[in-house]
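Enquirer: Take this structure, written in structure tokens, and hold onto it; I'll ask about it next.
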Amino acid sequence: MAHDTHIHVRSQAEFEYTKKKRAEEMRGHLATFAIMIFLTLIAFTMVTAGFSAYLIVPIVLLLAAIQVVLQLYYFMHMSGKGHGMVAFFMFCGMFVAFITILALVTIVWW
Amino acid sequence: MSSIAQKKGFGATIWDFMTTVDHKKIAILYLISGGIFFLIGGLEAMLIRVQLAKAGNDFLSAGTYNEIITMHGTTMIFLAAMPILLAFMNAIMPLQIGARDVAFPFLNSLGFWLFFFGGIFLNLSWFMGGAPDAGWTNYASLALASEGKGIDFYSLGLTISGFGTLIAGINFLVTIINMRAPGMTYMRMPLFTWTTFVASALILLAFPPLTVGLFFMVFDRMFDANFFAVEMGGNTIIWEHLFWIFGHPEVYILILPAFGIFSEIFAIFSRKRLFGYTALVFATILIGFYGFMVWAHHMFTVGLGPTANAVFALATMIIAVPTGIKIFNWLLTIWGGNISFSVPMIYAVAFIPSFVAGGVTGVMQAIAPLDYQLHDSYFIVAHFHYVIVGGVVLAILAGTHLYWPKMFGTMLSEKLGKWTFWFFFIGFHLTFFIQHFLGLMGMPRRVYTFGADQGWDLFNAISSVGALFMAIGVIILLVNVVLTSIKNERVGNDPWGDGRTLEWAIASPPPFYNFAQTPLVRGLDSVWIEKMDGNKKGMIFAEPLGDIHMPNGSIIPFVISLGMFIASFGALYFLDGDKPWALAVLIIGLGITFGSMLLRSLKDDLGFHITKAELLEDAKGGNTDGH
């Protein structure tokens, strides 16, 4: 609807600020991307190097968890404003799922 | 509803309800279909009690009896209690937070129709070769051995209706997080909204394990996948775990909204602010959280070992703490209040001792060594009926009386309401109290008959008489509904006179856009605050009157669900070998579902606007149904 449209003219200061923010964000993205590639390389190298499975499996799982967190915070903007509730629900869900699966696996297969 | 129905033809009304995305109409749909399933489940309960009325009865065969107990449990939990609570959540929660609708009106409709078709599918099993017969818990070894298609009806029907419930839960979460009126902070939300919120979070986290379990079950039965087949290296206990990881939170999904309804009732009819609001909120959250930590207490006798049993026993007993906090807060809310014993309040007062009795037997069963004695006896039957009927069903009946004027614009008769209450309440205790002792005397659950020499005759006969009382109570309620609808005496915004929360500051039933202007909330019990400040309207506004953007109705949710319904028949029959049409049915059904989803994605539906002029016209007492 036409009457809902607002035209907001940005001042020079606002423009500079946004530009700076974006540049920072971009740097963050690139750095994270590099880290993620590096973590992937570690994982692959470990497997090809032929270490014991008992060493590889937990480390690869740990690396995967780090990748998920990086992905969520740097690429899916979970650090941004208004994501508190999303983060809360995700971590609650993960916590509940972790305890449930841990207890289930322990009592069924131990 | 009736005033609209008179203005429009019957067909037009049906079409209106099939295409509606309005949370209030969807609430009515949930209430009616949940109510019908409640009657079906109740009928099954009556058949069970007739069969057990005397020793050696041959009213039902053993096989039919198994089908009936299974369908009684499944229907009451999945198709009656939960949908009726969803009806109240839909009807009231958006009003309580000052919203115009739920966050996703289209999904709200989709959730309802998925539940509805799932329920119809499950109940069609009666006419299509036999209902499921492995109990509502559907334990795997028994279910895999079950002949016929009953169990497949169970797994497919619950999968579909489970989708619907999951969608509804997510929708409520998003609504409560994002759509609260200005000033409505989390700690100013009415307790029914809080319990809806926590119950929805439980739905979100608890339904996926059930879906996984049902998925394994379908694959085991149809494709010999052997997840649960012990002789092929599977593990039959996994089903029990998956089922109860879902099943225990499920009973909290039922009881938390019931607590919410009673919290509203205690505050309204004691004319007092809830005692210990903050404690009630945190107790709700704690109960929700603990709900996930206790599932193995349903499986003490499986042989998990003493360590696991001890851990789960302790965790279970801890739940009594937040529940106790709630009970005391309610008692202290009543204490010193200016109490009026209207029908909802009578139910609320009766709920406290009934539910506490169920809770206490729950703590008894949490003692693992004692549970070895009680397990699979009538003591268990008595316990869970005390919490579900004494808690959830009393809340449903109380909520029906409390919110009937808000949903339909007329008051249910107080006099008939009291008759319903006394028949139902006496019948309930008559039926189930004595079952504790039957259990202690050794009567096992799920037996279709017993011998005259076992000494269980008298108590079973008394129990059956009690069930008859409950049936009479429900029939009186139906009569009450019919008489009230015929009389059709319209009521104002706040028919109970002491409404405290935002739903009582708006017309009964509310106009289809709810609030012409979004209210501004100044504290807990905002309507009460405004009334005490001499503001007769009960609310102040956060915005000037302006155009309102509304979603268009749509038949697509109905069609998507219909597609799933058709596809389930294909899935049910296509491995039979002698039915070549089954695969075609499966493909056509899924085609309808995905086709209509595609249509929804490609077709822009921007909704419509109600202009300020129309709102002003409405405010003078014009139409309220939007057509």
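The backbone N, Cα and C atoms fix where each Cβ goes, and this holds for glycine too.
Automatic, uncurated: that is what TrEMBL annotation is.
According to TrEMBL, the protein carries these features:
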DOMAIN    B:9-522  domain 'Cytochrome oxidase subunit I profile'
TRANSMEM  B:27-48  transmembrane segment
TRANSMEM  B:110-129  transmembrane segment
TRANSMEM  B:191-219  transmembrane segment
TRANSMEM  B:251-269  transmembrane segment
TRANSMEM  B:274-296  transmembrane segment
TRANSMEM  B:308-332  transmembrane segment
TRANSMEM  B:344-368  transmembrane segment
TRANSMEM  B:380-404  transmembrane segment
TRANSMEM  B:416-438  transmembrane segment
TRANSMEM  B:458-483  transmembrane segment
TRANSMEM  B:555-575  transmembrane segment
TRANSMEM  B:581-599  transmembrane segment
Enquirer: Tell me, what is the mean pLDDT of the domain 'Cytochrome oxidase subunit I profile' (B:9-522)?
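Expert: Overall, the domain 'Cytochrome oxidase subunit I profile' (B:9-522) comes to a mean pLDDT of 95.
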Enquirer: Would you mind listing the long-range same-chain contacts of the transmembrane segment (B:380-404), meaning Cβ under 8 Å and 6+ residues beyond its ends?
Expert: 76-77, 81, 84-85, 88, 91-92, 251, 254-255, 257-259, 261-262, 264-265, 268, 342-344, 347-348, 350-351, 354-355, 357-359, 361-362, 365, 374, 410-412, 417, 420-421, 424-425, 428, 431-433, 435-436, 438-439, 445, 477, 484, 496
Enquirer: Counting only residues 6 or more past its boundaries, what in the same chain has a CB within less than 8 Å of a CB in the transmembrane segment (B:458-483)?
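Expert: The answer is 39, 42, 45-46, 49-50, 52-55, 397, 400, 412-413, 416-417, 419-432, 434-435, 437-438, 441, 450.
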Enquirer: Can you work out which residues elsewhere in the same chain, 6+ from the ends of the transmembrane segment (B:555-575), have a Cβ less than 8 Å from its Cβ atoms?
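Expert: Sequence-remote neighbours of the transmembrane segment (B:555-575) are 18-19, 21, 106-107, 109-110, 112-114, 116-118, 120-121, 149, 152-153, 156-157, 160, 163-164, 218, 222-223, 582-597, 599-600.
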Enquirer: Would you mind listing the long-range same-chain contacts of the transmembrane segment (B:251-269), meaning Cβ under 8 Å and 6+ residues beyond its ends?
Expert: 77, 81-82, 85, 88-89, 190-196, 198-199, 202-203, 206, 280, 284, 287-288, 291, 326, 330, 333-334, 337, 339-342, 344-345, 347-348, 351, 384, 387-388, 391-392, 394-396, 398-399, 402, 496, 498-501, 525
Enquirer: Check the transmembrane segment (B:308-332) against each of B:274-296, B:344-368, B:416-438 and return whichever range has the most CB pairs under 8 Å.
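Expert: Stretch with maximum Cβ contacts: B:274-296.
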Enquirer: Short question: most Cβ pairs under 8 Å with the transmembrane segment (B:274-296), which of B:191-219, B:344-368, B:416-438?
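Expert: Out of the listed stretches, B:191-219 contacts the transmembrane segment (B:274-296) most.
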Enquirer: Which residues of the same chain, at least 6 past either end of the transmembrane segment (B:344-368), have a Cβ under 8 Å from a Cβ in it?
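Expert: Here the qualifying positions are 262, 265-266, 268-270, 297, 300, 309-310, 312-313, 316-317, 320, 323, 327, 330-331, 334, 374, 379-380, 382-387, 389-391, 394-395, 397-399, 401-402, 418, 421, 425, 428-429, 436.
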